[in-house]
Amino acid sequence: MLFCIGSLTLIFISTFGIIVNLFCLFKFLSKPGKFNGFYKLCIVKTIPNIVICASFLFWGGPLTLFQVPLKDIPRSVNTLMGQIAGSGAYVLAPIIQCLMASNRFFLLYIPFWKFKFEKYPITHFAIFVGFAIAVTCSVLGYEQSCGYIFDPEMLVWRSEYLNCSESQSAIIFGCIVVPTVISNGLNLSSAAKLIFGKVTGITKSDERKRRRKWIRMFLQNVFQDCLHVIDLVNCRYIYALRDETWFQFIFLSVSFVLIYSLDGYVPLKPVLQYAIF
């Protein structure tokens, strides 16, 4: 019964996540005119979310539903799925989120940079660096007996051996926490500029409405930035509090796919329409 409920839960959440993120991707791509840097980052942001949700919908969920023994699953395919979703896409999302926060920060504090560096492909270079880090994290864990695999008997993604998982987890931990700290610092600075900066040419009533809107935007950005840290805490610390399969399933698998589904649900519309990249 646990495996049936668990598999259906993963399939349902991942389906929701894919639909939401594909909707966001379609909305971003259907924007008329030339894409600015912020829109490009929004488009790329949906990719890791879709990859992670797809890994549960087309791999983890069906393996659990049909209760396929781990020994009957090709290791190469299982490891490839694990490294792409559990390492590469896992770290790419917070990195892109950090780039989006940087975009907003520079737009507000150094707006003339948009015109000064407009001819340089800064956004493309930043995205390339993000993908390079993600690919590196994926490749590092693909060595023999050191990759992430989905274990249908435990309902979770896990490392093949503990020693490897510890070193990988330390790298992934840094790749998520550091961008999140930077993002929240930049978002706080951006919010201070928007909320406390002098606004001219509008009425007091319009000014209050605009500031309330900016506060909501700031809280949304902080929430979205912290989603990845919440999942990281769940998969590194909370799950270990109890040994029951259902408990670890909730704080490893459900947390994983739910966080990246929500990551696409939160920003159905981009927060700002302009960029410096």
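Using the three backbone atoms N, Cα and C, a Cβ is placed for every residue, glycine included.
All TrEMBL annotations are machine predictions without curation.
As given in TrEMBL:
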- 11-266: domain '7TM GPCR serpentine receptor class x (Srx)' (DOMAIN)
- 6-29: transmembrane segment (TRANSMEM)
- 50-70: transmembrane segment (TRANSMEM)
- 90-113: transmembrane segment (TRANSMEM)
- 125-150: transmembrane segment (TRANSMEM)
- 170-196: transmembrane segment (TRANSMEM)
- 245-262: transmembrane segment (TRANSMEM)
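The list of residues near the transmembrane segment (6-29) in space but at least 6 beyond its ends in sequence, with Cβ under 8 angstroms from a Cβ of it, reads 39, 42-43, 46, 49-50, 52-57, 60-62, 64-65, 155, 246, 249, 253-254, 257-258, 260-261, 264-265, 267-270. When Cβ-Cβ distances below 8 Å are used as the criterion, the transmembrane segment (170-196) is approached by residues 87, 90-91, 94-95, 97-98, 100-102, 104-105, 108-109, 133, 137, 140, 211, 214-215, 217-218, 221-222, 225-226, 228-229, 232, 236 of the same chain, each at least six residues removed from its ends. Here the transmembrane segment (90-113) has Cβ contacts under 8 Å with residues 37-38, 41-42, 44-45, 47-49, 52, 126-127, 130-131, 133-134, 137, 172, 175-176, 179-180, 182-184, 186-187, 189-190, 193-194, 221, 224-225, 228, 260, 263, 271-272, 274-277 of the same chain, all six or more residues outside its ends.
Remote same-chain partners of the transmembrane segment (245-262), defined as residues 6 or more beyond its termini with a Cβ less than 8 Å from a stretch Cβ, comprise 2, 6, 9-10, 13-14, 16-17, 20-21, 48-49, 52-53, 56, 60, 89, 93, 154-158, 227-228, 230-231, 234-235, 238-239.
Sequence-distant contacts of the transmembrane segment (50-70) (same chain, at least 6 residues past either end, Cβ-Cβ under 8 Å): 3-4, 6-8, 10-11, 13-15, 17-18, 21-22, 25, 81, 84-86, 88-90, 149-153, 155, 157, 253, 256-257, 260-261, 264.
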